[in-house]
Amino acid sequence: MKLNRLFAAALMAGTLFATAAFAANPMVEADFWEKATLETVKAEVAGGNAATDKNGNGYTVLIRAIRGGASLEVFDYLIAQGADINRPGHDDRAAIFWAARYGNLEVLNYFIDKGAKLDVVDDSDRNPMAYAAFGQTDIKVFERLVELGFDANHADSAGRTTALSAAYLNPDLAIVNYLMEKSGDANAKTSLGQDAFMLAASRNPSLEVVKALQSKSADIKAKDTDGRDAFLMAAVRNGSVEALDYLLGLGFDAKATDSKGQDALSIAAYRNSEEVIAKFIELGLDVNSVDADGRSALSYAAERNGAKIVAALLKAGAKVDAVDGKGNTALLIAAARSRSGATDIVKLLVEAGADVKLANAKAETSLIAAARTNHPSDILKLLVDGGVDVNAVDADKASALMYAALKSTDTANIELLLAAGADASLADDFGGTAADNAKENKLLAGSNAVELLSK
């Protein structure tokens with residue numbers, strides 16, 4: 001366990017150092033291209049920022065230029081400065097992918113003429129036309145790609161063809177119809193058994209597209225391999241209440257559940273909008289229903305959604321200390337959450353009366369989870385003030401102080417825990433102490449962390 005923790009710390013350190021290094025070049029960030037001109041680009045290069053740079057998310061300067069709608073003259077200049085049009089970027093997509101989705105016919109032809117490789121796929125096995133299908137609204141781009149030999153039946157790693165990708169996300173009905181026609185298969189399905197109508201219902205922002213594909217569906221009440229119909233799929237990410245009302249008007253059961261026992265409210269709680277959550281509560285869905293894993297809507301909201309969703313569920317009567325099949329409460333899940341929004345959710349749950357002393361099946365308390373995730377010290381203080389045992393250890397015999405020493409970027413959490421009575425002499429399964437972890441944590445180099453933990 002110690003080795004795994006140390007590897008995680010090293011990875012975290014490397015990521016932070018890399019991000020800091022990349023941050024110096026503004027041309028790899030989206031906001032630079034909002035007002036960029038050839039002159040401002042030249043000025044950046046003259047100032048020492050390379051046209052060949054890539055940021056921590058894989059976006060190259062050239063990719064940012066394409067997404068930002070730069071001129072052909074800017075592309076010429078960047079290429080002359082060494083930018084490689086066939087260099088894979090974010091999600092293994094080279095310039096041709098971004099030109100196909102975000103450019104126009106002129107931009108697409110520009111990169112083709114410059115020698116862009118066309119027989120390429122990204123990390124999801126999509127080719128440039130399949131990627132363009134998600135949002136390109138210039139039909140001339142697709143006509144050109146078809147002319148070049150791209151097939152609307154090309155499937156990605158999820159079994160989603162180019163035509164199905166358009167059904168899923170492209171709001172332009174003319175584009176969707178064009179690609180569906182080129183595919184020649186109105187009843188094509190993904191690897192999960194989802195047809196064009198189901199995909200459109202799940203996320204397409206255009207109700208017009210949803211309605212059009214419903215009229216072409218062989219069975220509008222069909223379910224995918226997870227037991228989800230179009231209505232339950234819409235609960236995942238379709239934030240349009242109007243679309244939900246349309247589906248209900250077709251006779252879908254608002255209280256249906258999938259093969260895991262999740263209803264629409266539980267599904268939506270993970271990542272859908274406040275308006276959709278309110279709609280499902282209004283429809284009478286049980287805010288405390290649980291699925292096969294014992295998880296409720298509050299549990300899913302705490303994992304990925306925002307504080308407003310958590311607040312809405314609590315107001316509707318969600319049990320704040322409901323425990324799932326792994327012994328996790330919403331607070332434990334939020335405390336372990338690394339994505340943004342966790343801090344506000346932890347505060348909200350504690351204010352709502354969540355029991356900070358509870359531990360899950362791995363003996364992990366909310367304090368241990370918060371320290372392991374390196375939440376700010378005010379969150380740890382909130383949990384400490386709530387009465388959590390500062391010296392509790394998890395299944396690996398690791399305490400909150402050990403995790404703080406391993407994951408912190410400064411000494412704030414370490415100092416707070418020590419002041420609260422944390423025992424620095426505790427050792428984990430491998431005999432390692434908090435001081436040992438601090439010595440291995442490169443992010444604490446130069447601090448007095450080891451000294452604090454060795455007193």
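Every residue gets a Cβ built from N, Cα and C, even glycine.
Nobody curates TrEMBL annotations by hand; they come from automatic prediction.
The signal peptide annotation in TrEMBL covers 1-23.
Residues 25, 27-30, 32-34, 36-38, 41-42, 45, 50-51, 96, 98-99, 102-103, 106-107, 110-111, 114-117, 120 of the same chain, all 6+ positions outside the repeat 'ANK' (57-90), place their C-beta atoms under 8 angstroms from a C-beta of that stretch. Per TrEMBL, repeat 'ANK' is recorded for 57-90 (among others).
Mean model confidence for the repeat 'ANK' (91-123) is a pLDDT of 98. According to TrEMBL, the repeat 'ANK' annotation covers 91-123 (among others).
Helix, strand and coil counts from DSSP across the repeat 'ANK' (260-292) read 17 helix, 1 strand, 15 coil. The annotation repeat 'ANK' is assigned in TrEMBL to 260-292 (among others).
The repeat 'ANK' annotation in TrEMBL covers 293-325 (among others). Summarised by DSSP class, the composition of the repeat 'ANK' (293-325) is 17 helix, 0 strand, 16 coil.
Look at TrEMBL and you will find 326-361 (among others) tagged as repeat 'ANK'. Listed by sequence, the residues of this chain that lie at least six past the ends of the repeat 'ANK' (326-361) yet keep a Cβ under 8 A from its Cβ atoms are 293-294, 296, 298-299, 301-307, 310-311, 314, 320, 367, 369-370, 372-373, 375-376, 378-379, 382-383, 386-389, 392.
As annotated by TrEMBL, repeat 'ANK' applies to 362-395 (among others). Outside the repeat 'ANK' (362-395) by six or more residues, the chain places 326-327, 331-332, 335-338, 342-343, 346-347, 350, 356, 401, 403-404, 406-409, 412-413, 415-417, 420-423, 426, 428 with a CB less than 8 A from a CB of the stretch.
What TrEMBL lists as repeat 'ANK' is 396-429 (among others).
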Worksheet item: Looking only at the repeat 'ANK' (362-395), what are its DSSP counts of helix, strand and coil residues?
Response: 16 helix, 2 strand, 16 coil
